[in-house]
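A.B. asks: Please see the structure below; I have some questions.
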Amino acid sequence: MSAVPVAAGDTPRQRASRKEIFGWAMFDFANQAFTLLIITVVFGELFTTVIVGDRGDDYRLANLLWSLALAVSYLMVVITGPLCGAVMDYHAAKKRFLFVSYLATVGATAMLYFVEPGYVVLGLLLIVVANYAYSMGESFIAAFLPDLGPPEDMGKISGFGWSLGYVGGLFAAGFTLLVLGEATADNFERIRWVGPFAAGFFLVTAIPTFLWVKERGTPQPPGKPYRQIAWERVATTLHELRHFRDLGIFLVSLLFSMAGVYIIIAFAFIYGAQVIGWDEAIRNIMFIIVQITAAAGALGFGFIQDRIGTKLTYLFTLTLWVAAIFAIWATPEVTAFLNESLGLEWEAQHLFLVVGCLAGLSLGSSQSASRALVGLFSPTRKAAEFFGFWGLANKLAGVIGIIGLGLLQSVVGLQASILLCAALFITAILICLAVNQARGQQAARDWETRNPIQGGAG
């Protein structure tokens with residue numbers, strides 16, 4: 001028998017079973033407990049207002065320390081993400097890497113219970129470890145996406161994952177807000193359980209992922225150490241990126257857009273507490289509004305992007321983000337203007353709820369569209385590597401955005417510095433105009449044709 005080349009591009013990607021797609025999406029369902037409870041809704045506010053506290057500087061030191069911890073964890077992802085992606089592709093070991101990141105996230109998150117007021121260094125170290133492991137897991141689970149269906153289904157599958165994730169977040173954070181209460185010093189003995197609860201939720205609900213998602217690909221022969229494999233594969237991919245022009249342009253656009261998104265994820269509820277001055281009831285309502293609208297945005301725009309194109313959908317969601325940021329910044333002033341002009345007695349926190357709907361739609365849809373576009377531009381046998389670069393762009397964005405916001409707010413305050421997000425989204429829009437989706441998809445098919453799978457012929 002002779003070996004004959006089988007061009008991967010000649011065989012259309014088959015849609016995975018519903019059970020496997022559901023199992024893949026359950027990881028999004030599970031890990032939202034971490035990003036919402038630890039980064040966005042509860043622990044971020046607890047860390048800045050209680051563990052560090054107001055030291056006579058209007059929380060500016062606390063906000064800066066929080067931004068530095070997240071930025072360090074994202075920088076670690078930038079350094080290691082593409083290397084891990086290369087090794088995963090070479091050894092067909094995506095599930096193994098995903099499992100390690102999952103256990104590390106669970107362990108470090110559970111240990112946040114031991115972070116008491118004043119234990120700033122311990123809190124910073126655990127957040128760096130937990131957020132690093134969580135962020136690596138984001139890239140690892142995304143690398144399975146091209147295996148789950150043909151290009152025309154990519155938007156729907158990605159959108160389903162994001163929307164199910166927000167449903168998971170609604171369950172996890174809803175329970176926390178109702179049972180554990182608010183992030184205050186008086187309630188510390190109850191709210192400190194947020195870490196163990198988030199860890200337990202993630203641990204249990206991610207089990208279907210490891211039971212039902214298949215590891216595809218053929219491991220390459222052993223013989224080289226991981227470090228050599230990683231550097232060789234990454235060097236080859238960087239060299240080959242010249243053939244993936246549209247992917248490269250899009251990753252630059254993504255760098256700016258995700259910088260804005262990471263600022264919102266890290267500081268939205270801190271902004272509500274420090275600038276808007278909301279009470280616990282409004283905070284809880286805002287959380288529910290954002291989760292529902294984000295789930296609707298991810299699912300709805302997932303279907304839309306398969307009809308009008310993922311690039312156009314992505315551009316539209318960035319336009320929504322620009323509108324949302326200006327609305328967030330202007331909420332106190334607009335409230336005062338309406339009250340004076342119309343004789344109303346509204347509070348800024350009530351108008352802020354309306355803004356939350358726009359932000360939620362933008363959040364779910366933009367992340368879903370960006371992940372789907374990378375999937376469309378990725379040859380199946382380089383998916384983990386390319387999603388490693390997607391993770392790199394995401395986390396480098398986190399470093400730039402969060403450090404930029406942290407430094408800027410220490411000078412001009414949190415309200416004025418939020419306008420940095422609008423500038424980032426506008427820049428991302430302008431760069432993305434140069435992306436040609438059809439050309440990018442053709443580049444992926446051309447690579448698969450040039451690099452056929454060697455199979456046996458009978």
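Along the chain as shown, the residues are counted starting at 1.
The backbone N, Cα and C atoms fix where each Cβ goes, and this holds for glycine too.
TrEMBL lists these features:
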- 21-44: transmembrane segment (TRANSMEM)
- 21-439: domain 'Major facilitator superfamily (MFS) profile' (DOMAIN)
- 64-85: transmembrane segment (TRANSMEM)
- 97-115: transmembrane segment (TRANSMEM)
- 121-145: transmembrane segment (TRANSMEM)
- 157-181: transmembrane segment (TRANSMEM)
- 193-213: transmembrane segment (TRANSMEM)
- 247-273: transmembrane segment (TRANSMEM)
- 285-305: transmembrane segment (TRANSMEM)
- 312-331: transmembrane segment (TRANSMEM)
- 351-374: transmembrane segment (TRANSMEM)
- 386-408: transmembrane segment (TRANSMEM)
- 414-435: transmembrane segment (TRANSMEM)
A.B. asks: Cβ pairs under 8 Å only, please: of the recorded stretches 21-44, 64-85, 157-181, 312-331, which one is richest in them relative to the transmembrane segment (97-115)?
C.D. replies: 21-44
A.B. asks: Considering only the recorded stretches 121-145, 312-331, 386-408, state which has the highest number of Cβ pairs under 8 Å to the transmembrane segment (414-435).
C.D. replies: 312-331
A.B. asks: With pairs 6 or more apart in sequence, are the transmembrane segment (21-44) and the transmembrane segment (386-408) linked by at least 3 Cβ pairs under 8 Å?
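C.D. replies: Between the transmembrane segment (386-408) and the transmembrane segment (21-44), which are separate recorded stretches, there is no contact, as judged by 3 or more close Cβ pairs.
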A.B. asks: If I count Cβ-Cβ pairs under 8 A between the transmembrane segment (247-273) and each of 121-145, 157-181, 351-374, 386-408, which range comes out on top?
C.D. replies: 386-408
A.B. asks: Below 8 Å between Cβ atoms, which of the listed ranges 193-213, 285-305, 351-374 makes the most pairs with the transmembrane segment (386-408)?
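C.D. replies: Stretch with maximum Cβ contacts: 351-374.
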A.B. asks: Can you see whether the transmembrane segment (157-181) and the transmembrane segment (285-305) are touching - at least 3 CB pairs under 8 angstroms, only pairs 6 or more apart in sequence?
C.D. replies: yes
A.B. asks: Going through 64-85, 285-305, 351-374 one by one, which has the most CB pairs that fall under 8 Å from the transmembrane segment (312-331)?
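C.D. replies: Out of the listed stretches, 351-374 contacts the transmembrane segment (312-331) most.
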A.B. asks: Can you tell me the mean pLDDT for the domain 'Major facilitator superfamily (MFS) profile' (21-439)?
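C.D. replies: Here the predicted model's pLDDT, averaged over the domain 'Major facilitator superfamily (MFS) profile' (21-439), is 87.
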A.B. asks: State the residues, same chain only, that lie 6 or more residues beyond the ends of the transmembrane segment (285-305) and have a CB under 8 A from a CB inside it; answer 'none' if no residue qualifies.
C.D. replies: 36, 41, 155-167, 169-170, 173-174, 177, 268-269, 272, 278, 312-314, 317, 352-353, 356-357, 359-365, 367-369, 372
